[in-house]
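Listed in TrEMBL for this protein:
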BINDING   Gly99, Gln100, Thr101, Gly102, Ser103, Gly104, Lys105, Thr106  ATP binding site
COILED    449-504  coiled coil
COMPBIAS  722-733  compositional bias 'Polar residues'
COMPBIAS  741-768  compositional bias 'Polar residues'
DOMAIN    7-347  domain 'Kinesin motor'
REGION    722-768  region 'Disordered'
Amino acid sequence: AAMVKETIRVYARVKPLGRQQQAGIYSVDDDEKSLSSLEIIVPRDLADGFVNNKRESYKFKFQKIFDQEAKQDVVFDSIAKPVAECVLAGYNGTIFAYGQTGSGKTFTITGGAERYSDRGIIPRTLSYIFDQLQKDSSKVYTTYVSYLEIYNECGYDLLDPRHEASRLEDLPKVTIMEDPDQNIHLKNLSLQQATNEEEALNLLFLGDTNRMIAETPMNQASTRSHCIFTIHISSKEPGSATIQHSKLHLVDLAGSERVAKTGVGGHLLTEAKYINLSLHYLEQVIIALAEKKRSHIPYRNSMMTSVLRDSLGGNCMTTMIATLSIDQRNIDESIATCRFAQRVALIKNEAVLNEEIDPRLMIVQLKKEIQELKDELALVTGKQRTSELSQEELLRLDELLETFLEDNDPDSTLDVGADMRKIKYCFIHVKQLMNHSKISDKKLLSQYIPEEKETNKETGEELKKLKELLQQRDNEINILYILVNMLKKEKKKAQNALFQLNAASACSTVLDQSPPINLEESQSPSSWFSLKEAKDFSSSVHRLPFLSRKTGGKMSLGCQEAFEVFKQDHADSITIEDNKQLLKQKFAEAKCLGEKLNEVRIKINHLKGEITQRHVQRAALAVSSPSEELNTLDPVEEKLRTQIEEEKKSYKAMFNRVKGLKVEIEHLQLLIEKVKMKLQKDFEVWWSEETINLQQEKPELVSSPNTMTVYPQFIKSSQHLSTNSFSDTTRVSPNEDPAGKNNSITSSDPTLKTRAPPSSRTSIPLTGDSQADADILAFIKARQNILQKEGKSCQ
């Protein structure tokens, strides 16, 4: 295929000045042989945004420069006509306009609406192409057009016939697909056939109607999107299998100016960002292409560079028009456009003639070739061959095959001659024989199976019996396993019951007559304890039947009252009360902090809302009255941010304190539980010992509960036991006085203070009724009264 190597051609066009615009100083020099040069002068006092020592003169070279007076037809003849000629010859072409908003891009590419002579490059190119196609009768041409708009990095099909677009979003979205050969395909972009100039112009008009027009202060009808109008041409000479495909992209890029210049806000600002970004990527691609050593070109960064991949450094003849608005206000943007154009001029493209073979014609040609080869073969062999073998030939081949297969000689060969039809037939026949032998083997096998079945029947029955026996053994093992588990459970229950029986002391199970007290409902301290925590102090000392809450244990009234008496002067109960008070304080503090945390959180959210509101106000202000102040920092916003930071700090401090309190509360709860356990254990020991004392003093009280009476002398001579660990009062054992004659207690006798430990005493069987509990309680109370009286008399 023919290849044309050339750099991108770059042209410049200067827009005529508006009524209120002040002319910038520039000059055009056409003297040079091939290129024209443009010189722009920037006076020092006018150098807006430039440092004062900047140079005043800027010179740029272009293929040709069209000054303010240049007419549309001259522009077309110089720029677009050569590209259109190449496209008709089978090469790809691209013409794109680049420049700031309002510099005349759309006017150059599409044209003005007022006068017929203002038509732009697209309508003139369509007119020229269809004119040429009509003149050329040597080829058959088909023409299609597509119109793509890229807005905010999304592609839209402007020629979709199904949609009446009121908004751009209503149009079908176009997406980019890439094949393994890295060719770009646009999905959802419709190709509309245009058989003549009128149809093509109608499609162009439809597309322009659908185009999105947005207003910026610079130009009241400026486009904020990139548009690509493409003409696809296919041509074929009658009788030839070769088809030529070519396409011509006519591109109107969005404005290249910087965002600050447009004085926009809101969604227009978003547009400007996207436009600048896609033009920035276009610039990156151009810089990368201009550098000879660069291997990677970032085409994929934006949709536009992907679509124009071929046009930039690929298989395409590309031309660029730099549109300039050289008035004093836009002089720096014009210089930026010229600089971009100089970079584009460095890019080399390689345009290739796009030809391919028509598949339908190819089939006709191949059929013809097959026939010629058949004729040639008949000439060489002397036989006219048909596609099918005759019946005689088939029978002859069967005989040959049979002989070959039955021959045991390993060196025997099968010779059917140099005929592919015969060779294929022999292979198929051998395959059929192989399959047939496999089927017959299976049949033989199925005949043997019934005989084997009978011989295996007995073995099968034996196997069945063994399996049944095995199943039986498995079942037995499972039953045993269940029984063992049941026994374990029963054993555990028995142990628990035994433990509770051992724990039964004088304060034993409640009789039906006495009112029951459920530990779940009871507020008495006994509800603090559970059997699980209790440990067996001594096998000889009987214990209280404290049951866990879960079993709903009950205790007699006498026992409860005794516990209350015991608790009064026990140091642990004071500890519990103190800890409870502390716990209450901590809970109150945590609650208070929680409320404060919520308040701070609400305050932070409120401040964030104010900042958002501030943003909205400033954005609205930016649109209505743009000024430099709006680009500076907002002091109100800064103040709000500082407040948020302070609130966050206090929130963090309070949150950490709440975490600390949680740990303290959990610790206190644990401590209270431990002290409660200890108090219960001490009470159990003390109660057991009081019971033993009563038994030793008056055994008949226990043996005959009906005649139980407690006499004063026995109360006086009762034994006072220490709780060993927590009671501060020293209780002494009196002299044993079974006769009851000695009514005085000699507390000064040192020998009385010693006693045998409870574990060494023999255990006395108890009646286990609540009446006994009541008697023991009376016995304790009476003794306490005596001690109090003695205390007073001593004083």
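Just so you know, glycine gets a Cβ as well, placed from its N, Cα and C.
In this structure, of the binding-site residues Ser103, Thr106, the smallest number of CB atoms within 10 A of the CB marks Thr106. Shown are the binding-site residues Gly99, Gly102; the one with the most C-beta atoms within 10 angstroms of its own C-beta is Gly99. Around the Cβ of Gly104 (ATP binding site), the same chain contributes Arg13, Lys15, Thr323, Ser325, each under 8 angstroms and 6 or more positions distant in sequence. A mean pLDDT of 82 is what the model gives for the coiled coil (449-504).
Fewest Cβ neighbours within 10 Å among the binding-site residues Gln100, Thr101, Lys105: this applies to Thr101.
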